[in-house]
Amino acid sequence: MAGGKIRKDKASSRGAPSSNHYQGGISFHKSKGQHILKNPLLVDSIVQKSGIKSTDVVLEIGPGTGNLTKKLLEAGKMVVAIELDPRMVLELQRRFQGTPFSNRLKVIQGDVLKTDLPYFDICVANIPYQISSPLTFKLLNHQPSFRCAIIMFQREFAMRLVAQPGDTLYCRLSVNTQLYARVSHLLKVGKNNFRPPPKVDSSVVRIEPRKPRPQVNPKEWDGFIRICFIRKNKTLGSIFRIKNVLSMLEKNYKTLQALQQLQNGSSGSTNVEMDISGLGDSKEDQSMDLDDGTDNEMEVEDGDADGEASEFKQKVLAVLKERDYSEKRSSKLSQEEFLHLLSQFNMAGIHFS
């Protein structure tokens, strides 16, 4: 019997240090990111700010014991809840069994990052913080596109999502997310609103996918943005003089030239892969490391043995001269400027993937 097992687990933990907290006989594991919202006023506020319509299918990720789920069921047409922990799945089923909500709740047990998402109009979720970045881009990659997502993130991650050019927290995550969505901060949530309380404060963020989705090659964009943010407070002129950067770009340049020669006369067309979920796989997005302005012993290409810059380097620097990009810094560059610079590089035959 599940209840007996849970009581046994509780009893066995007495007198021993533990990160588990209990509610109604169910233990919560901090290591799995299980922090249940306990403030009913906060739950009501999140649902109200979500703008759920009576015809909406709502996706909830990590429903836990169902405190938020109940309010979502009251507001929408149907709730699809994805939960990894089988104990929580059982608790959800017990809580709503025999109620008017039972036929409007579908519970899927599994890892949301490995689950094919069903159709939904709006996503409302209090998620494990360790999956913040990959989940954000999995949602943005979902088709057909949803109306919006209202998600609880670790506060610093949330502030990076909404950061603007010139802000201290402006980074690759900010640029990548805002290319595909409008992002806004809704409210700050103190750690004491959860059981068990996390170590940091949280924030609720609204994410609205851009429609239509920008027609940018995600791999090309990712490669370009990664280079630009090697040192976000350095000038782009300095970054694109780094030997490893120039070497990689020149290799791409020569490879693409060779491929184009092979394809001459071919009538076949190449489809560009538009899957953007890979933008959220980087551990760098989930860390809170920021550019402190120091150098990492990056070797700069000053020229060849005769003191003359290579022909390819001159090609790169010529692109940067337009609009004086060589003197600009990624930390202050707008979305439009990044897109324009990438297009100029591509027009010159310089690619990043």
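Cβ atoms here come from the backbone N, Cα and C positions, even for glycine.
Note: TrEMBL annotation is automatic and uncurated.
Taken from TrEMBL, the feature region 'Disordered' applies to 1-25 (among others).
For ASN126 (S-adenosyl-L-methionine binding site), the number of other Cβ atoms no farther than 10 Å from its own Cβ, over all displayed protein chains, is 28. Under the heading S-adenosyl-L-methionine binding site, TrEMBL lists HIS35, LEU37, GLY62, GLU83, ASP111, ASN126.
Annotation comment: TrEMBL describes 42-211 as domain 'Ribosomal RNA adenine methylase transferase N-terminal'.
The annotation region 'Disordered' is assigned in TrEMBL to 277-309 (among others).
The compositional bias 'Acidic residues' annotation in TrEMBL covers 287-309.
Annotation for ASP111 (S-adenosyl-L-methionine binding site): spatial neighbours LEU84, criterion Cβ-Cβ under 8 Å with sequence separation of six or more. Mean predicted confidence for the domain 'Ribosomal RNA adenine methylase transferase N-terminal' (42-211): the pLDDT average there is 95.
In this structure, LEU37 is the one among the binding-site residues LEU37, GLU83 with the smallest number of other Cβ atoms inside 10 Å of its Cβ. Its Cβ taken as reference, GLY62 (S-adenosyl-L-methionine binding site) is surrounded by 24 other Cβ atoms within 10 Å in the chains shown.
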